[in-house]
Every structure is written in C-alpha cells, then in structure tokens.
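These features come from Swiss-Prot:
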DOMAIN    1-142  domain 'RNase H type-1'
BINDING   D10, E48, D70  Mg(2+) 1 binding site
BINDING   D10, D134  Mg(2+) 2 binding site
Amino acid sequence: MLKQVEIFTDGSCLGNPGPGGYGAILRYRQHEKALSAGYRLTTNNRMELMAAIVALETLTSACQVALFSDSQYVRQGITQWIHGWKRRDWKTADKKPVKNVDLWQRLDQAIGPHQVEWIWIKGHAGHPENERCDELARRAAGTPTQDDSGYTPG
C-alpha cells in the first residue's frame, strides 16, 4: 500500500514578471514539512509549477498524493493539456512552443512513480494550508536568493 501524502502549494510573484516565490506543505500522517524559495525574476505561473515540482521531488518513495493548488494553469496543464503537448513534441495546438516547457517536463518527471490526484482549491478563500503556502511564497518572493535560469522574457 502506498503512503498517502497531502501536498498544498502556492506561488507568488511581486509584479509579473518580477521577484517570485513558492511555498509548499507536505503532510504524511502527523508529520509536516514546509518548503519555500524565492527567485529574483520569474512569473507567477512558473512559481506555481515550482511549488508542485519541488514538493513532488521531495518524496523519497512512491506515494499516493492529493495535491491541492489554487492554480487552474497547473491543474489543467498537467491533467489535460500536457497529453497533446507531448504528442506534438511540446508544441501547442497552433504549433507554438509550450511556455515554461522546462518546468512542465520537470513536473512530468516528478510525477513519475506517484499516483497524483490534482485538486483545485479557491485561493484567498480562507483555506488554512493554502493561506500558509501563500505566506511562505510571498515571504520568499520578498527575499529572493535564486535565479530562475529557465525564465525567458517575452
């Protein structure tokens, strides 16, 4: 039987693009781990993706994951759009390169051994873990320490 893990994620960007951060909380039984990091120049969508990626990459064995995000971009991208992108060699339906392809590919890899249920929650609606992730992400965005090497303006 796989371990059942809950993951809560959020991304934040002060300006878009601008300094950004992500926050994630992993919960297994009564154990909890909080993750966050800030980037000097990025976008909100990249930080939403990073929150999910880093949280999944933190897991050390195959798990059954309930991943909660307030990002429709992440949820729809990973449950719907990614299948077409992969069929079209990471191009959109109108043959343009997929935005944030580096992170979509990394997320696809991070899912690997896990069974992930992607659950959308309304942001800024009083959901305690989402509020905590938002605070982690905003705090990290306010004190960025890393460069988002995959971000390209435009």
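Start at 1 and count along the chain as shown; that gives each residue its number.
Glycine is treated like the rest: Cβ placed from N, Cα and C.
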Calculate the per-residue pLDDT averaged over the domain 'RNase H type-1' (1-142) and state the result as an integer.
97
Roughly how many angstrom lie between the C-alpha atoms of D70 (Mg(2+) 1 binding site) and D134 (Mg(2+) 2 binding site)?
10
With DSSP helix as H/G/I and strand as E/B, how many residues of the domain 'RNase H type-1' (1-142) fall in helix, strand and coil?
57 helix, 49 strand, 36 coil
Across every protein chain in view, the count of C-beta atoms other than its own within 10 A of the C-beta of E48 (Mg(2+) 1 binding site) is 28
Provide, as an integer number of angstrom, the distance between the C-alpha atoms of D134 (Mg(2+) 2 binding site) and D10 (Mg(2+) 1 binding site).
6
For D10 (Mg(2+) 1 binding site), what residues in its own chain, 6 or more apart in sequence, show a Cβ-Cβ distance under 8 Å?
Y22, G23, A24, E48, A51, S69, D70, S71, G123, N130, C133, D134, L136, A137
Note down the number of other Cβ atoms within 10 Å of the Cβ of D134 (Mg(2+) 2 binding site), including every protein chain shown.
19
Using an 8 Å cut-off from the Cβ centroid of D10, E48, D70, can you name the remaining same-chain residues around the Mg(2+) 1 site, in sequence order?
T9, G11, S12, M47, A51, S69, S71, V74, G123, N130, C133, D134, A137
For D70 (Mg(2+) 1 binding site), just count the other CB atoms lying within 10 A of its CB, please.
21
